[in-house]
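Database features (Swiss-Prot):
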type: BINDING; residues: 26, 27, 28, 29, 82, 83, 84, 85, 95, 96, 97, 98, 122; note: substrate binding site
type: ACT_SITE; residues: 104; note: active site, proton acceptor
């Protein structure tokens, strides 16, 4: 599995050219993309500026001497490469297993090209087997939790080391055990209207390319948005 993730990450790095502003994703597959960018800077003299999607990725990038700016210091991002927890046949996805979904979406939105790197196990016909992360402000988080309980969404507060997990933006995450999401676009819109919800892990019709590493090698699929 790690080899597949590495293959996908290295393939994605081939899309990066001198002079680009590059969004560096977060997670186990995006990790290999960031490592390959660091190698290319060191060995090939690749010249880029990067923005990151989490404190974890920032630390990794700094260790590789990748030049960084904040998202507010750039007008746009040429290419962002990130992982995904599930990807359906309509190029909708669930992200946020690593807890960085808000920053990931903030960086993805001004990106001219948005690429996901995944192994083939992440491809699904319908989203929902992976718990859907919802980032909520700490104030009133219990109210949001009870709202999700009443709706039958089987919520749980994400925890780390016995405490509630706190994101880089100092919010909580409520994971929803939905089993299947029949209409991701409509459900995303529903979540957008829940007071106290900052962002959710549905990335609907945002991605341009999906790089999938499997037993038969690497395949690149392009969405309607990316064509």
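Each residue, glycine too, has its Cβ placed from N, Cα and C.
The sparsest Cβ neighbourhood within 10 Å, among the listed recorded positions (82, 84, 95, 104), is found at 84. For the recorded site, residue 82 (substrate binding site), the DSSP three-state label reads strand. Annotation for residue 26 (substrate binding site): spatial neighbours 52, 53, 54, 56, 57, 82, 83, 98, 100, 103, 104, criterion Cβ-Cβ under 8 Å with sequence separation of six or more. When every Cα pair among 26, 27, 28, 29, 82, 83, 84, 85, 95, 96, 97, 98, 122 is compared, the largest distance found for this substrate site is 16 Å.
With a 10 A radius on its CB, residue 97 (substrate binding site) counts 20 other CB atoms from all the protein chains. Neighbour list (residue 122 (substrate binding site), Cβ cut-off 8 Å, at least 6 residues apart, same chain): 84, 85, 86, 87, 212.
Neighbour density for residue 28 (substrate binding site): within 10 A of its CB lie 14 other CB atoms from the protein chains shown.
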